[in-house]
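Report on the following structure.
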């Protein structure tokens, strides 16, 4: 059924447009995060996505997560989460689009109101595409209905239902655990009906829909009443009445709200034993509000307690009694960390002849109780017992904001019994638990990574940068970790293969290419240091003598400059021209590497420039009848083959998995090619030798000239003239 048929008054509420870059991501440090705020009574929200690549780079898929309330749990490299991680999320949508201007629309009818977060990233791409620019364009449009009437709790309202659906709403308080919606006294054309010809649908937090969150009753088949148990607190509950007849009917509508008692934090409850029974009701016990204790010096460091201290909470266990605690997860301030629950049974009861069973429920947004008993979904449920698991630690990564409820219900049994029906009063059993939020997982990443704070626009998140092949939210997934021997071998391979430049350095010095020798030395040193620092993602054998970005810049700069000065030397230009070409390329590389370090243009422009100079210079010499020996052509051919093999391996064969081996072969090929490409210094001609000799000799004085015979001067002059002619 179309929206226009359901609601009389629908208008466009908001339209947003975003155009943001997306990047290769392993964790949230490089994920693009956006937020869309959806108003209450929204009928339809549409997200239109378009993927773009602004450069000539190959197209890649863009992965997009849409989630209500909080940040999505990304799985950027198929990592796994430990068993004690809570992974259930609210209203998650996931899609993939291509960067070749493809479009994709996501429509959600009757969405939950509040913040929806979009996380976008590229799956792992080749390092050569890191400087490519990929964009995600997003257009968000939402439609809102204003045709909703507000109800007051416990008021009896006369309603008139036409052929269109009629919508009502009532607000759920902080401790509402049950709402009862009833329709009575239906009248059509003056006739009272025993069964109302209407369909009533109720949903908490959003307009009713056909999903499992809505409760529907056909009043022609049964009593026209709905019990909405455990509705979302601090949210609107919507009631839709659909008239099944083609004529107007009147009826009476009433909404009753049942709430639990509410007790603020106080210091006396820390040592309580039976305090919980002071205001105890059979259907719903009081809800105790935990105090929020923040550490202003550490991000995401919050502990929840009854008192002003950071001590763990101690509760006396009462048989079959439910204890409800409430705390708040603040948006942005808390949602970028990890919520940790640690609970254990402090058992003295075994000495007194009792066993203990404890049921725990940690639930967001709704009170986990029904008719006095703990009511919990499977993913929110934890069980402890004195004969099995006595303690538990549960982590909630990037917890969703809002009111959270912590419920406990325990039973004490005789030692020879295992059924709860045989429970008896508890003699002496205490429950201890700790609730807190922290960056990463207790400010650490399992000693296999480092905890970072990532700012994505206005949002701050904690994330782990894993090392030595470890993966996962807390660097706890070791499925991709290689053996220590493998890590050491590949680390040495990447670093020590740079020693292949030593022969080229020695040859350069021998042939008086001193500038080239300096560049090759710098290339060898910086490449070795860079790879010793860069292997931290898959090897424990890593060290960084300088900041990573400095080593990366120096490695790329010296590597490309080595290739450029070799080509310049092959052109055999005069010294002045050689210096000019080298400086032009140096200044270009300084700018280009700072602009786009991984771009192919950074390598191609100076290489093609120098290659053209080599071709022109050597072609000119061949035109002047200067011959190159077969040995020179052979050496040149070997050098070209080695460099071509290295370039092909680097450009086409290198992948993330074979990187250590292929990149090491690239080191060797490029270093050895210099030996064959670097030209020999030509022996000076007689003219060049005499010119150097004339410059080196000091001029004779007139007195010295007068001592020489005239015929000797003539002979020397003739000899020189003959030598010049020859």
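The backbone N, Cα and C atoms fix where each Cβ goes, and this holds for glycine too.
Your range for transmembrane segment, going by TrEMBL and the list 461-483, 484-506, 507-529, is 484-506.
Feature annotation (TrEMBL): of 633-653, 696-716, the stretch labelled transmembrane segment is 633-653. Check TrEMBL against the ranges 550-570, 571-591 and you find transmembrane segment recorded for 550-570.
In this chain, the transmembrane segment (599-617) does not touch the transmembrane segment (484-506); fewer than three CB pairs sit within less than 8 A of each other, excluding pairs fewer than 6 residues apart. Here the domain 'EGF-like' (464-475) has long-range neighbours at 27, 29, 73, 77, 79-82, 85, 395, 397, 440-441, 445-446, 448-452, 481-482, 487, 536-540, 542, meaning same-chain residues at least 6 beyond its ends whose C-beta is under 8 angstroms from one of its own. Tertiary neighbourhood of the transmembrane segment (599-617): same-chain residues 128, 131, 556, 560, 563-564, 567-568, 570-573, 581, 584-585, 588-589, 592-593, selected by CB-CB distance under 8 Å and a gap of 6+ residues from either end.
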